[in-house]
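Asker: Below is one structure. I have some questions about it.
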Amino acid sequence: MSSENTGKSSLNSFGARDTLTVGDQSYEIYRLNAVPGTEKLPYSLKVLAENLLRTEDGANITKDHIEAIANWDPNAEPSIEIQFTPARVIMQDFTGVPCIVDLATMREAVAALGGDPNKVNPLAPAELVIDHSVILDVFGNASAFERNVELEYERNAERYQFLRWGQGAFDDFKVVPPGTGIVHQVNIEYLARTVMVRDGVAYPDTCVGTDSHTTMVNGLGVLGWGVGGIEAEAAMLGQPVSMLIPRVVGFKLSGEIKPGVTATDVVLTVTDMLRRHGVVGKFVEFYGKGVAEVPLANRATLGNMSPEFGSTAAIFPIDEETINYLRLTGRTDEQLALVEAYAKAQGMWHDPEREPVFSEYLELDLSTVVPSISGPKRPQDRIELTDAKNAFRKDIHNYVEQNHPTPETKLDEAVEESFPASDPVSLSFADDGAPDMRPSAANGATGRPTNPVLVHSEERGDFVLDHGAVVVAGITSCTNTSNPSVMLGAALLAKKAVEKGLTTKPWVKTNMAPGSQVVTDYYNKAGLWPYLEKLGYYLGGYGCTTCIGNTGPLPEEISKAINDNDLAVTAVLSGNRNFEGRISPDVKMNYLASPPLVIAYGIAGTMDFDFESDPLGQDSEGNDVFLRDIWPSAAEIEETIASSINREMFTESYADVFKGDDRWRSLPTPEGDTFEWDPASTYVRKAPYFDGMPAEPEPVSDIKGARVLALLGDSVTTDHISPAGAIKPGTPAAQYLDANGVERKDYNSLGSRRGNHEVMIRGTFANIRLRNQLLDDVSGGYTRDFTQPGGPQAFIYDASENYKKAGIPLVVLGGKEYGSGSSRDWAAKGTVLLGVKAVITESFERIHRSNLIGMGVIPLQFPAGESAASLKLDGTETYDIEGIEELNSGKTPKTVHVTATKEDGSKVEFDAVVRIDTPGEADYYRNGGILQYVLRNMLKSSK
C-alpha cells in the first residue's frame, strides 16, 4: 500500500498522529479523540472517521470531510460524499479472473500510450480465493471430492495458469488455490487482521470484496462490503471508494435464543425484519447487552446476509468474543494484544452500557425467534417452520397452474412479469389407492396439485416423484458452513437419524461442501462423518457449489421425469440466495434452511411436510420417528464444539494456505510483466475496454434515436442480467464455443468464462428465467430486432450486433430493485458491450448502479411514482435523451429530458432522475468508465 494510504503522508490537520505502545512494540496511530464529536459516533462511523484522518490529503480528503463525519447528523438524509480507502481487497475467482484480465490489459494500454506498465500494480494487498469453480458432478460416494477436484482442474487449467501468472507478475497479490475453502470463511478464519499494521502504522482492517457476501467479515468488527469488480480494481490501484456518509440503523439484541433455534433462524428473522424496515444504502450496527451472547460464528452469519437485508454493511463492534475467536483461529498473541489495545484506545471496544446515537432503531429479543425457512424464491420470504407445509401448498399453485394470479405484492417485492410461473401441466388430484411400498413424494397429497410420476432407476431403485419433491439437499455456502453450532448440529442430527434407521429419499441429490478444511477436521475428531455419509452427505468439495448454481446435473432419469412431466420440484439449501433458476435449471422452488433442517428435508423428501405431525419414518420397532426425536439439544452441541474444535486445527489448515496441492504446483505458469495472450483461448482474452482510447476523454453526448433492447419487470437480479450457471446449447454463447471447437461437455459455466468477453457478452440478459416484455410468453435471452421489418424475435446478442452495424444506440427499461443480488460486474460490462447507453428503472440496487457508471452507462430513474407501465411505454418506441451534455461543463444535472416516440408518431415525455450520485461518479462517467479514469490519471502522474 502506498504511504498516502497508510497515513505516512496525512496532512494531520487535527494533530491526531500519536504513538500506541503494546508490550514492547510501538505503533503510529491516528487518535480519534483529537477530533471532537467522534466519541458519540457508532462504531462503523468511527472506522470511517479514522480512515479519513489517516488519508487526509487536502484534495480528495479534506479537513471539512473529517469534520462532517465528526458532526454527523443521524437524522439527515445522506448527502456528504467522502472517499473511503479500504485497507485491502478480497476476491473470488469468478469475479477475480476478469479483474486480473483488466489489470493485465491496462498494463498494455499504459505502455501503448507511452507510460510505464509496472505502474499498474496493487497498492493495497489483494487476495483471491478460488472457490467458485468446483461443480458437484459426483455426489453421494467416497470418491466425490477427489473426482470433483480433478474435473475442476480439467475445466479450468487455463484460468488457473493465468491466476498463477498474476500472482508472480503483480506485487501484493496472493492466490489461495482451489480445494481450500470459501473466500469469506478463509477471510474470517485467516486473512482478516481486525487491526492492520503497515509501514509501522496501526489502523482498522477494512476491505472491499468482489462478492456481495464480503460483509461476513463484519462479524469480526472489520468494515467491508461487496463492490463490483471494476471498483475493486480501482481500489487495488489506490483509488478510494466514493460514498455518502450513510445513515446507521442501530439493531439492539436482547435475550437468548431458545433450544432448537439456530443461527440460521435468527438470520432469516433479521432478514425479514430489515427488509420490511428498509435498509438499502444504510449501515446496520448491532449493539446492546445481547451482543455478548452472540458467538462470533453467529455474528459472521448475520454479517454475511447483509446483502439480503439490503444494507451496505451489518457490523458488530470489537469485544472479548472477537478476541476469543481470533485466538481460536490461530492469530498470534501479539496480534490479539494489538487488537484489544487499539480498540480500547480508539473508543472502538464495545461497551454494552453505552448506547451510541443511531439514525434509526430496531430491536430483536432473541428469545422470540422460532425455527424458520425461507422461500420459494427470495431470502426475505420467511416462513415459520410450523407453517411450512401450508405455505408450500399455497405457493405450489403459482408453479403448476396456468394464469394463476400472483397476489398483490409490496413495493420491494417481485411481480409476475419478473418471475414467471411454470408452463401449465395436466392437473390431477390424489386419490387414496392401495398402499405402495415404493418411496413416494406423492404421499398424503390430497388437497394439493399432484402429478405422481413413477421413475425407474438402476442405481436408486423405483420411486414416485411429484410436485414438491426435494431433489437437492445442500449443506453449502459461506453463510452457514463456517458456523460450528449449525454444522455440528446437522451432524449430530444425522447420527440420531441413522441410529433410528432413517434414510435420505432416493431422489435427493445430497451435498456437503464445507467452507474450510477445519470443518472436516472437527467432523473427524467428533467421529460424525460416517453418519453424514450414511445419509449421502459425502464431502463434495470446498467451495460455493449448490449456493451459486454449481449443483451439477441431477441424475438423468430424475431430470427427465421432471422435465417430461413439468414437475415443480424443490431444492433446500443452507445458503443465502434462492432466486428462481439459480440452484438448478430443473428446480423451480428453492428454500433456505439451517444445515440440520436440510438433512431433515432430505429424509422427508418433500416440502409438503409438517415436522410437527408427519413422521420422518419408523424405527426398528415400528415406532414413528419425528424431527423432535432426533433434534440435538443445545448442551449436546456445546459439548461437541468444546471437545472437537481447537486452535491447532486452524494453524495446521492454514500453515501453507497459498502453496496448494501437487496439481496446483505443477501447473505450467507463464512469466513476464505483461501476459502473452493466447489467441486460441476460450477462457482468457484481452479485454476490449481500452481499444482505441485517447489520452484525453472526449465530451459526453446526448442519446438520440435509441431503441429498447429489453423491457423488464421488478426485482431483476444481476443473475438475470449476467447468469453464472450452465451454458445452454444453441444459445449465442454456445454457438461461439462451437465455432471455436469446444465440445458441449466442455462448455463449463458462464461464471468460469468471465475472462473472455466474447462469451460473456453473448450470455448477457440470457438467463432462462428472464422475461423480456417486448415479447409475449417468451423466457430467456430474446428480444425484438427493430432493424428488421416487423421487429421479429431474435437473440439479444444478435439484435445488438445489428443495432451496432446500423449505428443505433440502445436503452434498457426496468422496474423496482433493478440489479439486486450479487455484486456482478459483468452485469454492467455485458450491458455496455451490447451497446446500451442508458438504463431507465423505477429504482436500482446499490452495487449495480455504481457498476453501470463504472462502465460508462448512465443510470436513470422514472419520475417518482411513475413506471414504464404507468407511462404506457411498451418498448417499441424510439428514445431521445437530452441534458446529458451538461456533464461536460462539470455539473451533474438532477434530471434529463426523455422523449419516447411511438410508431404512430405520438410522443411520451418525462424528466428522468440522473442517478450519478457523487462528483467522483461524474468523473468516471465523463471518462467512459472508472478504469479509463484511473488509467488516464496514472499516465498524468508518470509524466
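Yeah, the Cβs are placed from backbone N, Cα and C, and that goes for glycine too.
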Asker: According to Swiss-Prot, which listed range is region 'Disordered': 366-393, 422-449, 646-673?
Answerer: 422-449
Asker: If you skip the near sequence neighbours and keep only those at least six away, which residues in the chain come within under 8 angstroms of C544 ([4Fe-4S] cluster binding site), Cβ to Cβ?
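Answerer: When sequence neighbours closer than 6 are ignored, C544 ([4Fe-4S] cluster binding site) has Q92, D131, H132, V134, I182, T476, S477, C478, A513, N550 within Cβ distance under 8 Å.
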Asker: State the three-class DSSP label for C544 ([4Fe-4S] cluster binding site), counting H, G and I as helix, E and B as strand, and everything else as coil.
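Answerer: SS state of C544 ([4Fe-4S] cluster binding site) = coil.
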Asker: At a 10 Å cut-off from the C-beta of C547 ([4Fe-4S] cluster binding site), count the other C-beta atoms across all protein chains.
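Answerer: I get 29 for this one.
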